[in-house]
Amino acid sequence: MGKKLKIVTIGGGSSYTPELVEGFINRYEQLPVSELWLVDVEAGKEKLEIVGEMARRMVKAAGLPIEVYLTLNRREALKDADFVTTQMRVGLLDARILDERIPLSHGMIGQETNGAGGIFKALRTVPVILEIVEDMKELCPDAWLVNFTNPAGMVTEAVLRYGKWDKVIGLCNIPVNAVYQETELLGESLGDVFFHFAGINHLHWHTAVDKNGVDRTKELIKKMYGNDENQSIVANIKDNSLIYEQVENLEMIPCPYHNYYYYTDKMLAEELEDFKENGTRAEKVKQIEHELFELYKDPNLDYKPQQLAERGGARYSEAACEVINSIYNDTRKVMTVSTRNNGTIKDLPDEAAVEVTCMMTGNGPVPFNFGHFSPKQRGLLQVMKSMEELTLEAAVTGDRGTLLQAFTMNPLITSGDVAKQVMDEMLEAHKAYLPAFH
Ligand code: G6P
């Protein structure tokens, strides 16, 4: 010990940051972070200062020697970092509002990570994450990159395929939340059930086996979908009531985002109704953020406020801090992360990013073998992975034809002229963040 442990968080001005800070504070004994660098861009300066001060108060209240640095200079922060976490939102919430509003105005799902919105979030983010990787090669070549920025799977694959950087882990809070909720539903204790996840980010399925080797998947499906009390595990997806017969027949538990694919019309109708009454999810998030930042300004607040749970990303720090802890201490914890496929799922390319259950070692994630999916899952999974590959290719080449292929393939986008119209409208709306296309 005594050696410095430097963490850099890009997008540090996010309202989620107190959750991350709380995670580091709670693990300090095992993970003695000495420097936490919160980095943001000029447009996020005010938020960075507010949340940074709040982070300093939290550390002080915990009586820990973690030095919190705030900077707009990413390169200064990255120098000699041990772990870099990315949680930036390119174009801020205003860009997300467009990602949601434009497709909705054409009668399609308008969502942060799915459909046309998810594609454009990837197009804006890929150039930035690739710049970060280039900086890391120069300034902290031994560091791990832990990415949260959505669409987390595509961003991870961009780093692997186009950044040629292997030390990357993509994270999402969905598997963490599922493990908590479903362990409880089964009346078991945390750690006593093995959940085996496989698929891609926001489109994975899982099974559950208890400590006696009994497969509890069927029982869980019945408890989750066999009554009218289906609850979603994330705040941003309210309805999780899929058709019981269908899930029973799947023999695997789908993730909440499957609602968009298995029940598109219902989800769209609900989104449109919500949109009329409250605006899009991003507009609601803007309001929640405003309230959170008002709280964070309070010089007496030195702990994470309860209101943060209104955001969909609750428990994300659990994933981030545990991944970092596992690598640092070689804990070999079982976690579900996005990583290079390398044959884990035989139906997908080796170099694709997949979201799978892994053992987290000091040398990174080692995935548990999955094998082949049945046609019940395989078709949708392969379509979506091809759609992701095309989106990434378009992001680095700026090729409109390739992008239109991705649009046409996406099950949540109406094909033909409408697809082209929405694509053109979004290319125009986001052009400040899409240099490859202009
Ligand atoms: C879920 C997803 C995250 C996403 C979040 C959105 O938790 O797993 O990937 O970022 O919801 O939440 P928000 O509060 O921004 O709508």
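Cβ from N, Cα, C; glycine included.
Nobody curates TrEMBL annotations by hand; they come from automatic prediction.
The Cβ of R96 (substrate binding site) has 26 other Cβ atoms within 10 Å, all protein chains considered. Annotated substrate binding site per TrEMBL: R96, N150, in sequence order.
What TrEMBL records for C172, H202 is Mn(2+) binding site. Counting only same-chain residues six or more apart in sequence, the Cβ atoms lying under 8 angstroms from the Cβ of H202 (Mn(2+) binding site) belong to T113, N114, P151, A152, G153, C172, I174, C255, Y257.
Mean model confidence for the domain 'Glycosyl hydrolase family 4 C-terminal' (197-413) is a pLDDT of 94. Residues or ranges marked as domain 'Glycosyl hydrolase family 4 C-terminal' in TrEMBL: 197-413.
Around the Cβ of E112 (site 'Increases basicity of active site Tyr'), the number of neighbouring Cβ atoms within 10 Å comes to 21. Summarising the annotation, TrEMBL assigns site 'Increases basicity of active site Tyr' to E112.
Taking a Cβ cut-off of under 6 Å from any atom of ligand 1, the binding-site residues R96, N150, C172, H202 reduce to N150, C172. Every protein chain considered, the tally of other Cβ atoms within 10 Å of the Cβ of C172 (Mn(2+) binding site) stands at 27. All protein chains considered, the CB of N150 (substrate binding site) has 23 other CB atoms within 10 Å. Between the CA atoms of E112 (site 'Increases basicity of active site Tyr') and N150 (substrate binding site) there is a gap of 8 Å.
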